[in-house]
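Straight from Swiss-Prot, the features:
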| type | residues | note |
| --- | --- | --- |
| REGION | 1-26 | region 'Disordered' |
| TRANSMEM | 72-92 | transmembrane segment |
| ACT_SITE | D165 | active site, nucleophile |
| CARBOHYD | N216 | N-linked glycosylation site |
| CARBOHYD | N314 | N-linked glycosylation site |
| CARBOHYD | N323 | N-linked glycosylation site |
| CARBOHYD | N344 | N-linked glycosylation site |
| CARBOHYD | N408 | N-linked glycosylation site |
| CARBOHYD | N425 | N-linked glycosylation site |
| ACT_SITE | H513 | active site |
| ACT_SITE | D561 | active site |
| CARBOHYD | N567 | N-linked glycosylation site |
| ACT_SITE | E570 | active site |
Amino acid sequence: MFGRDPWGGPLEISNADSATDDDRSRDLDRGALMRQLDETQQSWLLAGPGDQAGKKKKKYVDLGCMVLDRKIFMWTVGTILGVGLFIGFVMMIVKLVPHKRPPPPPPDQYTQALHKALMFFNAQRSGPLPKHNGVSWRGNSCMKDGLSDSTVRKSLVGGFYDAGDAIKFNYPMAWSMTMLSWSVIEYKAKYEAIGELDHVKELIKWGTDYLLKTFNSSADTIDRIVAQVGVGDTSKGGAQPNDHYCWMRPEDIDYPRPVTECHSCSDLASEMAAALAAASIVFKDSKTYSDKLVRGAKALYKFGRLQRGRYSPNGSDQAIFYNSTSYWDEFVWGGAWMYFATGNNTYLSVATAPGMAKHAGAYWLDSPNYGVFTWDDKLPGAQVLLSRLRLFLSPGYPYEEILRTFHNQTDNVMCSYLPMYNSFNFTKGGMIQLNHGRPQPLQYVVNAAFLASLYSDYLDAADTPGWYCGPTFYTTEVLRKFARSQLDYVLGKNPLKMSYVVGFGNKYPKRAHHRGASIPHNGVKYGCKGGFKWRETKKPNPNILIGALVAGPDRHDGFKDVRTNYNYTEPTLAANAGLVAALISLTNIHVKSGIDKNTIFSAVPPMFPTPPPPPSAWKP
């Protein structure tokens, strides 16, 4: 069939054009194309080894979603495996081969001093010493204490010697154990971080084990307590050897050591109760021992409340060396610790009774000694301790009023430590004169530093940035600055550039008033009077009394390194306990700083305030 296209082309229907149209249509049909591809793939699979299809199989790898050149595929897989093996090998080398880490920063001066301060307690141990005691010039001593006394006739071996002599005074010894325990309860993580936790706990147990021997600790009710072992009074004349009449190493003592008991001694009993109660919290994970301490503490506090009186009657050895001025502060102090150890509200009621606070001197704000924390006056420590209770538990009625009073009084005490208020004088070198210029000032200085540092940590833990002194607000850093300034003075930042901790720094006292340190450990026994030649010599002590805090400078920052003048050079157990507590509170380590908020409350039940009494009936 023919025709003419109006545009000049033929109108003939061509079969060739029809075929081309079919091809175009097939190109648009992808399903048909895929069917052809499937047939091709089947031919590859069915082809023999000599066929061209077999050659293609060797050259390509079909992954389903794509077809890859076999060489490229194998190279890629090999590379990935090689890189993986190399990385694994490197990681294994890094883990297995020891590599050097940057050394930790050197400990600060407070940590260094703390290690030494604890060693002083090792040097003061009485009785059979452990092999790891670490003081080469000390040995077993006074192994018959109590057994040779015709009245007591029981073992009083152990405990700590008080100072440069060999007397064991329970009153300052118990306070020292309370202070060490308090510092562990608040700063356990710090002790652990510097490797001293086991050491300080061992020292506390050494003290509390001895205190448990000094009364009938297995009874619920007692009628007497041992107050001290040994005698120091030489004022009565005569040639009766005792711990002050003689100058001997404790290991060589052969003179009688009398035991002094008391039958009405509320101050001593309550302080010993505080020591055992605080230690029971330290050892709460050792339930048997902790329970033993609590039982003893209950008996002691009960005895103190029932048998009223001071442990240091006029003219006694106790009154000469560690006179107690009152027992009311011990009732508050001991009651607070008994409450924390037992959770029994009866003890808290005693500690917070308004009459108790009044008798303890809580309202004697004009007293020159208000706020001076010592082995004799525990009120400032009790106020801080009970302020802690209010800050973190807020027990409410009926305790809130007196707790708020204690809290406000603690704020006032902290204000009194600041130089701008002139509550206490300061030496030109910067030492606060809490004992008003009298001798042996450092024991009071370190106690104040501890309370200030601890209270600042309490405020921080309670998210309280500071406190008010009248209309003026001060941050907690002001308290820490005060505490650091006092410890820095003790450690050498003073006009004499003298460290008052033996063995710390380049310049420290070489002639501590101490029998054991001053007499050579050379196998020679020097008798009662034979040792005095070592007391009088101007040579340095042959044995270094590591960590001992000496009595300190005078009010003009002057110091005499003279063995015979105990007002400058004698260390004491109580002073070193305050030093340890202050140092650990300011130690700067790379662990969680601040206090342990909760451990002290581990025995305290949840607080459900007692509702106030109903109002009286209305009458028209």
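Keep in mind that glycine also has a Cβ here, set from the backbone N, Cα and C atoms.
When the recorded positions D165, N344, N425 are ranked by how far their Cα is from the Cα of N567 (N-linked glycosylation site), D165 comes first. Comparing C-alpha positions, N408 (N-linked glycosylation site) sits nearest to E570 among the active-site residues D165, H513, D561, E570. Annotation for the active-site residues D165, D561, E570: lowest Cβ count within 10 Å of the residue's own Cβ, D561.
The least crowded of the glycosylation sites N314, N567, judged by other CB atoms within 10 A of its own CB, is N314. Among the recorded positions N216, N314, H513, the ones whose Cα sits within 10 Å of the Cα of E570 (active site) are H513.
The two recorded residues D561 (active site) and H513 (active site) have their Cα atoms spaced 9 Å from each other. Annotated pair N323 (N-linked glycosylation site) and N314 (N-linked glycosylation site), C-alpha to C-alpha distance, rounded: 9 Å.
Proximity to the residue listed as 'active site, nucleophile', defined by a C-alpha to C-alpha distance within 10 angstroms, is shown by the following recorded positions from N216, N314, N344, N425, H513: H513. Here the candidates are the recorded positions N216, N314, N344, H513. The one whose C-alpha lies nearest to that of N425 (N-linked glycosylation site) is H513. Nearest to N344 (N-linked glycosylation site) in space, judged by Cα atoms and limited to the recorded positions N216, N314, H513, is N216. In the structure as shown, the Cβ atom of N425 (N-linked glycosylation site) sits within 10 Å of 13 other Cβ atoms.
Counting in whole angstrom, N216 (N-linked glycosylation site) lies 26 from N314 (N-linked glycosylation site) by their C-alpha atoms. Taking a C-beta cut-off of under 8 Å and a sequence gap of six or more, H513 (active site) has these contacts in its own chain: A163, G164, V550, R563, T564, N565, Y566, T569, E570, P571. All protein chains shown were included, and the count of other CB atoms within 10 Å of the CB of N344 (N-linked glycosylation site) stands at 14. Secondary structure at N344 (N-linked glycosylation site), as computed by DSSP, is coil. N408 (N-linked glycosylation site) counts 14 other C-beta atoms within 10 Å of its own C-beta, drawing on all protein chains shown. Counted within 10 Å of its Cβ, the other Cβ atoms near N216 (N-linked glycosylation site) come to 16, all protein chains included.
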